[in-house]
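J.: Pasting in a structure now, in structure tokens, and then I'll have a few things to ask.
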């Protein structure tokens, strides 16, 4: 009586399984690479916008500080003992404004290299986090300077009847106009800093 023999070939299925697993891994790597490239391009666009905003903010803050620094007016009439003159250095708040906004402008210049790094390496977290924290601190300083100066400009235009403070802008019109321009410029820079912080927060968000 002849013996029956059974042959089981398991080599081919193993090969197919390995090939399938390699294909799955390659597909995952490909998808990850495409997602990273898309995220990097998106964040690079944000970084370029961030850099342009900083350049614009530098011009605005330098202009605001310079305009306030030149705020001065002397009335065409005077007495033997008194000359009617108004300048930014007559108000401690305006002096603080000039110094604070000058510091803000200097910070913006120093922040440009970090902004460039985020363009070159859009997925880098450290430079973006540094900018986010620093911008938040400087935003506080800018807001304080602009708000303090705005209160003095308001008093110069309207006075205060409760304390018998008379408005001076009817006499020192050019001085008040110059100071008001500086405050408006500083307020615009505050809005720019808010945008910069929002950009950094979006760039740090994980996809």
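Just so you know, glycine gets a Cβ as well, placed from its N, Cα and C.
Under the heading N-acetylalanine, Swiss-Prot lists 2, citing similarity to another entry as support. Here Swiss-Prot flags 2-44, 117-128, 203-207 as topological domain 'Cytoplasmic', drawing on sequence analysis. Per Swiss-Prot, topological domain 'Extracellular' is recorded for 66-95, 150-181. Swiss-Prot lists 45-65, 96-116, 129-149, 182-202 with the feature transmembrane segment.
Could you place these features in context, so I can see how deep they sit and what lies close by?
T.: Over the topological domain 'Cytoplasmic' (2-44) the predicted model carries a mean pLDDT of 52.
DSSP places the residues of the topological domain 'Cytoplasmic' (117-128) in helix, strand and coil in these numbers: 7 helix, 0 strand, 5 coil.
If you look at the topological domain 'Extracellular' (150-181), the same-chain residues 6 or more away from its ends with a CB under 8 A from one of its CBs are 67-68, 70-73, 75, 84, 86-88, 91, 93-94, 187.
Away from its own ends, the transmembrane segment (96-116) comes close to residues 47, 50-51, 54-55, 57-58, 61-62, 64-65, 68-69, 88, 127, 130-131, 134-135, 138, 141-142, 144-146, 148-149, 182-183, 186, 189 of its chain (Cβ-Cβ under 8 Å, at least six residues beyond either end).
Remote same-chain residues near the transmembrane segment (182-202) are listed as 46, 49-50, 53-54, 56-57, 60-61, 63-65, 67-68, 71, 97, 101, 104, 128-129, 131-132, 135-136, 138-139, 142-143, 145-146, 149-150, 153 (criterion: CB distance under 8 Å, separation of at least six residues from the stretch ends).
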